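Taken from TrEMBL as is:
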- 72-134: domain 'ABC transporter family G' (DOMAIN)
- 193-410: domain 'ABC-2 type transporter transmembrane' (DOMAIN)
- 209-230: transmembrane segment (TRANSMEM)
- 242-264: transmembrane segment (TRANSMEM)
- 294-312: transmembrane segment (TRANSMEM)
- 324-346: transmembrane segment (TRANSMEM)
- 358-380: transmembrane segment (TRANSMEM)
- 451-472: transmembrane segment (TRANSMEM)
Amino acid sequence: MKGKGISGGELRRLMIGCQVNSICKFNEIISGVDVLLLDEPTSGLDAVNSLKVMKILENLAKEGKAIIVTLHQPRIQILNLINNLMIMSKGRTVFFGKFKDAIDFYSENGLQVPLYENAADFFLDVLDTTNSDDHDIIVANKDDIELRGTAESIVQKRLVTSFQKRIKNVKTEQIEKLPALPPLLSNSSFSKFLILLERAFIFKLKDPSAVWTQLCFCTLIPLLIGSVFYQLDDTTASIRDIFSVLSFSVVLISYLPFDVVLLFPIEMATLKRESLSGMYSIATFYMARNIAEIPVHCICSCIASTIIYFMIGLPLDEYKFGVFQLFMMLMLLSSVSLYIAVGALCGKVQTCNIVANIAQVIFTLFNGFFGNVICVFEQVKLSGVPVYLRWIEYINPMAFSYKAILYSQFGGHLFKCAERDVVGGHCVVKVEGSEYLTEFGVEKEVSYSGMVVNMIVFICVVRLIGFICLAVRIKRQS
C-alpha cells in the first residue's frame, strides 16, 4: 500500500483474508484445503467485524473445511457459532465440547457464571492462577481435574464420545440432503493458472504507472526518431539513413520492456511463500506472469512500429508493413524472454540491470549492422565480424529481425537515382536494393518462416532457461 502502511497484525489478517477469499471466490486455489489454522483472526477488530469474520469461517466449515481458531475475548454470539470449544491452561485441556456444555461443566465444579458477565471472560478468569481467590477455587477442585487425566487423553476421549453421539443421531434423510462435494477440477492447475493470471492483471490495474510509462516510452521515443528521419525519400541518397533507422528501431524495441527484468526479483518473496505453502506450483506462476505481460507489450510494439514506419516514409505496402510489425513484435517478445531469464537467474535488482544491459549490448554489436553495413558505406575492406565470434549472430534475435525487415524493404526494390549520384547522365551507384543486401551479408532469398521459427525457438528456450533458474533459486532458498 502506498502512502499508508499497515501493522504486522493487519498484514497477517490481510494474507489470511486473501487466502480465504481465494477459497470462496475461486473454488480453492490452495490444493486440497481441508484444515485452516487461524491465530486470533479477530484481534484488533471491533465486535461487528469480528462477528462477520467468524460467520465467513462458519460458512467454510459448512462446506466441509475444518477450521481451528484461537480467539481473544470473543463475544457470546461468536461462541455460539463454534461447533467445539477447547479451553486450555498451561498446555493442558480443561474442557472440550459444546459451548453450552462448558457452562454446565463449570457449574458442576461449583463455578457458576455470574449474571450479565461474558462466559468466555469468566472461563479464563477462573484459570488465571495469579489471583489468590481463583487459585483457591482451582485447588479445591484439584482432585476432580486430575481425574480427567492428561490433555491428550481428555481430547481423545471427548472427541471419540462427541463423534459417536453425532454419528448415532444422524439420520439417512439428513445424509441424503448433504451437498455434493465440489468437483476436483476446481483444484486443477488450469484453474490456478487462471486465478494467477487474473491477479496479475488486477495488479497492473491497481498500479497503472508502469503501464503508462511504457505507453509514453513507446510513443515519445518513436516520435523523436520519426522527427529526425522524417519522410525519407525513395532515392539512393536515403539508403544509408534507411539502414540506420531500421537498425536503431530494432534496438529501440528491444529496450522497450526493460522493466520486466525486475519482475521476479520484486515478487520473489511472494512466490517463495505461496509456492512452498502448496498454493500453486512454480510452473503455474511462471506461465501466468509470462502471459500477463504479453498484451501491454504487444500494444506498445504496434504503436511504436506504426509511428516509426509512417513517419520515416517507408513504402505504403500492406505486405511490407505487416512484415515490419511482425518482426518488431517478435523482437520485443524475445527481449522480454531475455529479461525474464536474467531476472530469474540473478535475483538482485542491481545485478539484473547490469547483466541485462551487457546481454543487450552484445546482441546489438552482432545484429549485422555494425559489422557489415558500416563497412559497406565507408568502403573499408574488412571481413566484418571475426570468425570466432560469428556464432553469436546465429542465436541473435536482433540479427533475425533486422535481416527480415531489411529484406522486406530492399529485396526487389528499385531506388531512384539521387541528383548527386548522376554523372554524365548516368547513375554511378547501384539502384537495386538487392545489391546492397548482398554486400552486407543478407541472403538474396530470406525465408520469413525460417526467421520466425528461429525467433520462436529463441523465445521458448530462453523462457525455459528462466524457469529452471527460478525453480533452482526457490529450491535453494527454501
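Yeah, the Cβs are placed from backbone N, Cα and C, and that goes for glycine too.
Automated prediction, rather than curation, is the source of TrEMBL annotations.
Most Cβ pairs within less than 8 Å of the transmembrane segment (294-312), among stretches 209-230, 242-264, 324-346, 451-472, belong to 209-230. For the transmembrane segment (242-264), the list of distant contacts is 210, 213-214, 217-218, 221-222, 225, 229, 232, 271, 289, 293, 297, 300-301, 304-305, 308, 312, 314, 328, 331-332, 334-336, 339-340, 342-344, 347, 349, 352-353, 356, 360, 363-364, 367, 369, 373, 377, 398, 401-402, 405-406, 409, 436, 470: same-chain residues at least six beyond its ends, Cβ to Cβ under 8 Å. Using a Cβ-Cβ cut-off under 8 Å and counting only residues 6 or more beyond its ends in the same chain, the transmembrane segment (324-346) has close neighbours at 249-250, 253-258, 260-265, 290, 293-294, 297-298, 300-302, 304-306, 309, 314, 352, 355-356, 359-360, 397-398, 400-401, 404-405, 408-409, 451-452, 455-456, 458-459, 462-463, 465-467, 469-470, 473.
Per-residue pLDDT, averaged along the domain 'ABC transporter family G' (72-134), amounts to 80 for this model. Taken residue by residue, the domain 'ABC transporter family G' (72-134) breaks down under DSSP into 28 helix, 11 strand, 24 coil.
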